[in-house]
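Note sheet for the following structure.
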Amino acid sequence: MSDVVLEIKNLSKSFGKNKVLDGINLTVRQGSVMGLMGENGAGKSTMMKCLFGIYTRDEGAISLLNKSIEFKNPKEALESGVAMVHQELNLCLDRTVTDNLFLGRYPTNFGIVDEIKMFESASSLFSSLNMNVNPKTIMRTMSVSQRQMVEIAKAVSYNAKLIVLDEPTSSLTEREVKKLFSIIRALQKKGVSFIYISHKMDEVFEVCDEVAVLRDGKMILSKPVAGTNMNEIISAMVGRSLDKRFPDVDNVPGEDFLKIENLKTKYAPVLEDISFTVRKGEILGLYGLVGAGRSELLEALFGIRTIESGSISINDKYLKFKSSKEAMAHGFALLTEERKLNGMFGKDTIEFNTVITNLNNYKTIGVLSKRKIREAANREIETMRTRCLSADQGISALSGGNQQKVIIGKWLERSPDVFLMDEPTRGIDVGAKYEIYQLIIKMAKEGKTIIVVSSEMPEILGITNRIAVMSNRRLAGIVNTKETDQETLLRLSAKYL
């Protein structure tokens with residue numbers, strides 16, 4: 001009997017004249033983890049949509065356990081043992097864990113939903129997977145990591161032979177990542193196979209047996225992880241060699257510019273006694289564990305969270321923002337962590353998203369000028385090197401990296417003095433990351449004061465001048481980037497736990 005679970009042969013897919021998949025071949029073996037990498041727009045999502053029946057393939061064949069398949073929709077795929085855990089989890093947050101597990105297939109007894117059987121089945125399932133989850137818990141009260149466990153357990157309950165994990169660690173702490181990996185390894189021993197889609201190379205090398213790399217719709221590399229290295233994978237992804245993971249941080253910070261003194265926020269989660277200074281043209285990293293208060297601090301600086309006491313000043317001029325509109329008027333910009341929820345209008349165009357925060361600048365005699373709007377959009381497309389068809393294209397059609405470029409371009413149109421960036425490269429491929437790093441350093445050289453939140457320690461060490469570390473919503477310390485290391489950052493992040 002063959003140990004091949006999934007085999008994709010010569011898979012091709014076009015949209016009009018644009019060929020997004022070109023003769024893809026991929027083999028996933030039983031009990032193995034196949035890493036799938038590639039720049040945003042390389043074809044990973046299209047490939048998965050062809051597998052799950054969302055798109056109809058133009059050419060090629062897909063087989064599951066040596067049986068030819070062509071799913072009509074994801075539900076049919078799930079019932080056949082092929083499941084996907086999305087980056088943005090697909091759950092009913094106001095229902096219990098048990099309800100989510102059995103949604104659409106409730107066990108009944110004489111036509112009545114058998115809640116006792118559901119609870120017992122759910123408890124047994126979590127026990128078999130060594131997951132500490134209470135089936136009666138409402139999903140909304142659970143952490144992202146716990147919700148993810150529920151999604152994986154749901155896949156297992158369908159007797160899944162293959163589980164696709166899409167950027168599974170993007171919102172997880174280091175401890176939660178280790179828990180996820182232990183679950184993956186336990187399921188591997190039971191014969192379950194995985195496709196692990198990620199931009200995080202260190203994770204691919206840790207948890208995957210094989211790795212495949214897509215570029216421009218073609219399979220560039222597919223081999224055992226043990227037989228490759230980081231440089232080969234990067235070269236396969238971007239089509240060129242990246243000698244360094246990070247550009248040179250060669251900006252020269254100037255005099256003190258932004259000063260925070262004894263800052264305390266009013267509503268939970270409360271930040272307490274936050275004091276620090278950022279210089280003009282400086283890149284200050286903000287590091288801490290999930291829940292440390294990093295995002296909340298940026299929100300307080302941007303007028304989203306109410307400040308109970310303390311002060312914010314620029315060039316010794318005290319400021320008090322009652323809204324984000326006031327913060328923007330004083331030269332602040334905020335790149336949010338959840339770009340799809342808070343950073344863009346997903347149903348609108350690149351052009352609309354570029355100009356929406358600065359409409360008064362595109363008026364002629366009080367009337368919006370289509371010419372000025374188009375010029376602004378095209379200017380930012382060129383500046384950010386955004387890969388798109390035109391400014392009229394819907395932003396939702398772009399890859400994650402290109403969406404982020406549009407959002408950054410939107411703020412650059414306002415020429416901010418202080419740029420607050422919350423996880424600016426989250427869910428973005430290595431090539432696009434490098435471009436955003438270059439942009440951050442370029443902005444600092446132009447005199448902008450930048451605060452960057454990142455959960456990736458190599459990133460926070462690779463693109464900053466200094467690093468402020470948060471612990472339990474308090475400032476644990478500030479260190480010079482060139483004089484610190486990962487151990488110091490971890491020790492500071494646990495200071496007030």
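Placed from the backbone N, Cα and C atoms, the Cβ positions cover glycine too.
Taken straight from Swiss-Prot:
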- 6-241: domain 'ABC transporter 1' (DOMAIN)
- GLY38, GLU39, ASN40, GLY41, ALA42, GLY43, LYS44, SER45: ATP binding site (BINDING)
- 252-497: domain 'ABC transporter 2' (DOMAIN)
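Recorded features from Swiss-Prot, shown on the structure.
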residue	record	Cβ within 10 Å
GLY38	ATP binding site	30
GLU39	ATP binding site	24
ASN40	ATP binding site	20
GLY41	ATP binding site	23
ALA42	ATP binding site	26
GLY43	ATP binding site	23
LYS44	ATP binding site	22
SER45	ATP binding site	18
Cβ-based neighbourhood (8 Å from the centroid) of the ATP site, residues GLY38, GLU39, ASN40, GLY41, ALA42, GLY43, LYS44, SER45 excluded: LEU214, SER399, ASP429
In the domain 'ABC transporter 1' (6-241), averaged pLDDT is 90
